[in-house]
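Listed in TrEMBL for this protein:
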{"type": "DOMAIN", "residues": "134-242", "note": "domain 'Cadherin'"}
{"type": "DOMAIN", "residues": "243-347", "note": "domain 'Cadherin'"}
{"type": "DOMAIN", "residues": "348-451", "note": "domain 'Cadherin'"}
{"type": "DOMAIN", "residues": "452-591", "note": "domain 'Cadherin'"}
């Protein structure tokens with residue numbers, strides 16, 4: 001379509017690859033703030049007005065707001081003081097689980113002009129959880145022939161806290177045969193091993209009961225305990241051995257429940273019950289135990305819950321193989337969850353303006369941001385609107401877009417636009433989200449009334465009755481509402497000696513013309529109407545009929561008003577008659593350049609009466 005002399009392009013599509021920016025928008029450097037978890041709601045985090053170098057009043061004037069990555073209103077900005085305060089008591093474990101540090105990313109969005117300040121809030125851990133063992137009691141079967149120095153794995157406690165507040169040490173109740181050694185996995189987590197330092201004698205003592213304690217590094221430390229039941233067995237001189245000590249597997253996140261993840265395998269050279277192997281998790285967090293199932297007989301690990309790459313992208317499993325004689329071996333399994341394109345792009349509207357006044361220059365219609373929770377190409381997006389619309393998408397930092405008008409709009413051409421914003425990711429298969437916006441165009445009084453025809457010819461016999469309806473003029477206005485309501489009026493005649501106000505009147509609402517009294521051809525042979533249509537909208541626009549100078553007495557019917565647009569019409573009225581009839585006529589417009597040359601040719605009367613007009 002064409003409007004305002006400009007042709008809108010047939011296709012506009014904006015492509016942006018969403019990669020985290022290394023620098024902040026508008027010259028502001030990213031800031032990092034911190035707060036202890038469980039801090040009370042309303043606690044001051046920072047003075048953003050000071051950090052941004054802005055006056056407090058400027059935050060309110062620029063409509064500053066806090067936008068978080070997960071849309072959770074955990075902090076709020078006081079526009080009166082510029083202070084960033086906690087909106088709720090934060091639970092680090094609920095927010096981040098085992099992830100350390102626990103970082104909440106957010107932006108401060110300012111308008112007029114657009115500015116984005118990136119910041120991070122680090123929620124620091126406090127020691128508010130005690131270590132917990134998965135069971136109240138664990139049972140170990142140990143051969144009486146086990147030599148001093150033999151190591152037996154123990155089940156591990158878990159602590160929801162992180163860092164120094166997590167488990168740092170294990171100890172066991174005093175006894176004559178065992179002590180506990182605290183070891184570390186590659187990721188820093190601690191696990192206990194029971195170490196035999198004095199030989200056992202089944203005939204002397206067939207069972208021992210010990211208390212295993214896990215302590216964290218808090219101040220003061222917290223602890224958890226479990227009972228260790230030790231059964232002393234007769235000789236079993238071969239422990240199970242896994243085919244490999246570490247397994248690595250990759251699993252698509254859309255794998256169905258029941259899918260086989262991995263099969264571990266161990267063997268034992270003993271026979272009978274001493275060679276029968278049973279598999280189990282010797283470290284199992286709640287997340288692992290609710291996601292994976294391990295067959296104690298086959299060593300198969302299967303899914304019992306759907307995976308979600310966006311929630312957890314990897315798992316570490318620790319598996320124990322125990323024989324019937326109490327000996328065991330261990331292995332670890334690293335599971336990498338592979339992302340699939342299972343999240344559609346999201347579009348969040350921050351502001352929307354409608355209606356938009358016509359004839360306005362480039363105007364912001366909407367401000368929005370988009371995101372996709374997938375990764376790689378699955379999380380990269382394109383954003384577009386329909387072709388040939390008078391609107392543009394302008395990308396800015398941090399996945400924000402501005403929808404603006406592309407040139408001035410004309411309500412008389414189109415009063416409403418339905419805009420579909422389409423966000424498509426680059427994954428396989430491609431997923432898309434569509435968001436519809438209706439933009440109304442409000443009217444501006446930019447069109448003058450226009451009469452429906454260039455000339456009117458009306459006839460009336462002399463000696464008519466008073467208040468006779470002698471004809472109607474009509475004008476229209478392409479604006480809307482009050483701007484399109486037309487009012488008709490008469491201007492004073494050019495010749496003050498013609499008592500036109502006592503001869504003719506016009507209805508202001510409908511343009512009906514009336515003869516106010518009986519007309520006498522012999523008394524008044526001819527006179528002239530500027531008829532005008534205008535001014536009920538705010539800034540009135542008018543159409544006007546003007547009469548050039550000439551030998552004719554004139555009366556003007558005018559399109560009055562304060563606008564600058566006009567359209568002119570001129571009408572001649574005269575009384576004519578012959579032996580058969582007398583008529584009152586509105587004749588065709590008189591042209592100024594020939595008006596004074598030949599009056600007779602401008603009047604639509606019979607030649608026998610032209611010399612008797614007396615004008």
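From the backbone N, Cα and C atoms, a Cβ is placed for every residue, glycine too.
Taken through DSSP, the domain 'Cadherin' (348-451) splits into 4 helix, 53 strand, 47 coil.
Under DSSP, residues within the domain 'Cadherin' (134-242) fall into helix, strand and coil as 3 helix, 54 strand, 52 coil. Within the model, the domain 'Cadherin' (134-242) carries an average pLDDT of 92.
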